[in-house]
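Enquirer: Quick one: the structure is below, questions incoming.
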């Protein structure tokens, strides 16, 4: 007691409290000790303030981002990811869509010109091997003969790979309906479109270059799933990502100013050349001998994304403006991982959550899949697209792999990933329209998929079969129980897709809110 009274002589009355006394500086503290103590206290306060600031920033970030919902669009190349994204924009952000729609004109022109040049390449090969072209006054009737009932793999966007081996030799035989000097003249008159294609590709950038079996991508390394290169370097820093305030034209066009006089001049030049070739383009596609030649060579250009030859007379005018359907049907390859911010303008989005979605559209080829992994960590949902029409096709980048098999391999890796265990997964069995056309033409599913057995060879039966297979893998392989959402789609059908997307959006938000315990 006496000791406590003795110490209190040197302390303020407020420190009579035992706790205050315990943390008070020593009564005999020297100036050097005091300076060291104050320095430690200052550093401790700085660390404490930094921690508090970090907590505050995290809290503020959560408040800002709680209205953001992150959705990944996954699937192989040409599965319909970018088309689905366009449908999201058209359905839920129509004002922003209308503002950007006109900028797709050059892409549509490129798609059309590329198709014409594919036909011209085949025509040049055919003219080179048949006897001298007969005068155009005596054309022969077109033949509709075909080498067989089962078509080979569909080509990549830059053009169908030529047949090989015996099939190639058969394809190079003179046509049953001989081509005439009219076709030679058409080829010459349409030659300026070669230059137009080159100019448009330069203007639009890397997205105009498709993968192929011999070239693949510049990276050259193929991975069947994004997890095959789990510890590879992060691709975030090297991928081309679209910012929320920049259009795809800005991102793909580099540093040049969008809408500059130079760009407008290039677009005007391309439009003039295309308009000048309008009648010849229509004549080429309407020619029976040309169509028979394409069938004989197994060139199914009309099944490719970005096919506009049936609409050439409308698109080749100088006054042409893209329609919503035109933009949805365009083909422009996704480069790397591209980010889009979708602010909902329509629908009941009054909740404090999910008013804005961040959507990632990824390059789907096997050379691009390693870049997906960094985007998995904070994803809320995945929309996986599996094209159902490709059961008889091979990957453009690896001609040993069936495209349907590739979709199952990729799907399996996604649903069984522990990293994505909390992620909501939605399946689109896409390109149902192309499946129906292919089966109507006589292609037999069990020739390519023995497990299909003797089931009815029609689109509804096959779609139901695939839906069951994907659902079973989802059920058996998911690390945790989660609901299965599967839809049969044709995302080029904007009206039907709008209804599907509304259901998907509402379901995703409901699931997200339940997971966040906010319902």
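Backbone N, Cα and C define each Cβ position, glycine as well.
Given the structure is predicted, the values throughout are model-derived calculations rather than measurements.
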Enquirer: Identify the region 'Disordered' range according to TrEMBL, selecting from 78-130, 131-183.
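Expert: Matching range for region 'Disordered': 131-183.
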Enquirer: Between 25-50, 51-76, I'd like to know which one TrEMBL lists as region 'Disordered'.
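Expert: Matching range for region 'Disordered': 25-50.
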Enquirer: Within 8 Å of the centroid of the Cβ atoms of 430, 431, 432, 433, which other residues of that chain place their own Cβ, given that this set defines the recorded GTP site?
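Expert: Once 430, 431, 432, 433 are set aside, the remaining close residues are 80, 387, 388, 389, 429, 434, 435, 488, 489, 490, 491, 492.
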Enquirer: How many other Cβ atoms are found within 10 Å of the Cβ atom of residue 432 (GTP binding site), counting all protein chains shown?
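Expert: Within a 10 Å radius of the Cβ of residue 432 (GTP binding site) lie 23 other Cβ atoms.
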Enquirer: Could you give me the DSSP helix, strand and coil counts for the region 'Disordered' (25-50)?
Expert: 20 helix, 0 strand, 6 coil
Enquirer: With every protein chain in view, how many other Cβ atoms are within 10 Å of the Cβ of residue 430 (GTP binding site)?
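Expert: Summing over all protein chains shown, residue 430 (GTP binding site) has 30 other Cβ atoms within 10 Å.
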Enquirer: Given the binding-site residues 334, 431, which one is most crowded in terms of C-beta atoms within 10 angstroms?
Expert: 431
